[in-house]
Amino acid sequence: MTEYLLLFVGTVLVNNFVLVKFLGLCPFLGVSKKLESAIGMGMATTFVMTLASVSAWVINTFILVPLDLVYLRTLSFILVIAVVVQFTEMVVRKTSPALYRLLGIFLPLITTNCAVLGVALLNVNLGYNFLQSAVYGFSAAAGFSLVMVLFAAIRERLAVADVPAPFRGSSIALITAGLMSLAFMGFTGLVKF
């Protein structure tokens, strides 16, 4: 149990996908203008990353490795992610039409989110078992969501703040992201891998 807790804390805080590995920057900067859309995107991405991580482990372990087709790993993972995203889109459309309209084009763009493919490939490269893959996928998504929600909250406050003209828009957003990355560096000694 301690191993899974360390994996969770290490992935969310120490090895955050956005601030440390620089994966998923497009939705991080694109969807984080409003807190509501960041929360919705975070929930959808959490669902997709967890399911894609587990699905990729199953496909790699039971199909690609036994049949010696590991060279098709990236292509097969992209297909798995596309199927999971389509499933997520159908679920969100049925359960929350308002969230579906709010996310708009960003929901299908989860397919091209490099963080989703990154978590699937890292699971395989790190040699995780099924449960570790599920925890790692969920942890990576939780870290992604945490950072995106925090960033959206900060950007909403910056929208009404008196920011100097040269720093308005994407300039202050990138400065804020850099400061968040520095803040998360403080967690570096928390977990040793």
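Any Cβ shown, glycine's included, is placed from N, Cα and C.
Non-local neighbours of the transmembrane segment (5-25) in the same chain are 45, 113-116, 118-119, 132, 135-136, 138-140, 142-144, 146-148, 177, 180-181, 184, 187-188, 190-191, 193; each lies 6+ residues outside the stretch with a CB under 8 Å from one of its CB atoms. If you look up Swiss-Prot, you'll see 5-25 (among others) marked as transmembrane segment.
Counting residues 6+ beyond its ends, the transmembrane segment (47-67) has Cβ neighbours under 8 Å at 73, 76-77, 80-81, 84-85, 87-88, 91, 110, 115-116, 119-121, 123-124, 128, 130, 133-134, 136-138, 140-141, 144 in the same chain. The annotation transmembrane segment is assigned in Swiss-Prot to 47-67 (among others) on the grounds of sequence analysis.
For 72-92 (among others), the entry in Swiss-Prot reads transmembrane segment, with the evidence type sequence analysis.
Within its own chain, the transmembrane segment (102-122) has Cβ neighbours under 8 Å at 17-18, 21, 23-24, 26-27, 30-31, 36-37, 40-41, 44-45, 48-49, 52-53, 56, 73-74, 77-78, 80-82, 85, 88-89, 92, 136-137, 140-141, 144, counting only residues six or more beyond its boundaries. Per Swiss-Prot, the feature transmembrane segment maps to 102-122 (among others).
Annotation comment: Swiss-Prot describes 134-154 (among others) as transmembrane segment, evidence class sequence analysis.
Marked as transmembrane segment by Swiss-Prot: 171-191 (among others). Same-chain neighbours of the transmembrane segment (171-191): 6, 9-10, 13-14, 16, 19-20, 28-29, 32, 147, 150-151, 154-155, 158, 163, counting only residues six or more beyond its ends whose CB sits under 8 Å from a CB of the stretch.
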Message: Can you work out which residues elsewhere in the same chain, 6+ from the ends of the transmembrane segment (134-154), have a Cβ less than 8 Å from its Cβ atoms?
response: 4, 7-8, 10-13, 16-19, 24, 27-28, 31-35, 37-39, 41-43, 45-54, 115, 118-120, 122-123, 126, 128, 173, 176-177, 180, 184
